[in-house]
Amino acid sequence: MNYSNPTQLQAAILDWAGTVVDFGSFAPTQIFVEAFAEFDVQVSIEEARGPMGMGKWDHIRTLCDVPEIAERYRKVFGRTPTDDDVTAIYERFMPLQIEKIAVHSALIPGALDTLTGLRKEGLKIGSCSGYPKVVMDKVVELAAQNGYVADHVVATDETPNGRPWPAQALANVIALGIDDVAACVKVDDTVPGILEGRRAGMWTVALVCSGNALGLTWEGYRALSAEKLESERKRIHGMFAASRPHYLIDTINELPEVIADINRRLAKGEMPQAV
């Protein structure tokens, strides 16, 4: 048997918050702030956004390793946060997240039509998230009520390692029956999510305006002046640069043009690992 490059995409592996639902990725961010506040430790929205895309326990651990946050914790508890302390914050985070996830469950405007179009072109729709399964079950239920059902879902605690490891993306490849990782595109609004796709050997698309990096509501995004929007795009492109996404677009609504371009490149023999 001989190996031959795939000539077109077979699947899109999509993130959830900030990609398909929850424009601005507010659901997890606000809850991190509230969870730390219950331990009398102040964390700003901007700080909470920093590690977005990681599994939530890892996200909290990363926040606790920020020197300024560790010092605030030490002033309250007399020590810097241990893994047991991280787990205590995580165990408070979880019920808050489940309780309030519905507040930020709306589909990103235009996403459903975009994904319907991709399916008509024969693409399977996989998905993964930094949420654990107990939260994802609720997210999936709410999305279904709004008309979106992915072909497969992988939560962060359903694989040995979460992002930026490639396990969740690869679990989708296996479940969807895809025969080559180069026939997949990973779409995400965070650096860990792009690294996940890169390490899985996939094409990658970073979303600049709908997610964590811009951190605005749909209305706030639409209200930006042309000059401010361009300035923010440049800033966010810089944030993503080290993770080397193949494409950067504002929202998922621009994905069909990217899919068409990837298919052209695959047909010419290009592979994502070589770019």
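For all residues, glycine too, the Cβ spot is worked out from N, Cα and C.
Just one of ASP189, ASP250, ASP261 is listed by Swiss-Prot for the same Mg(2+) site as ASP15, ALA17, and that one is ASP189. Separating the Cα atoms of LYS56 (active site, schiff-base intermediate with substrate) and ALA17 (Mg(2+) binding site) is a whole-number distance of 13 Å.
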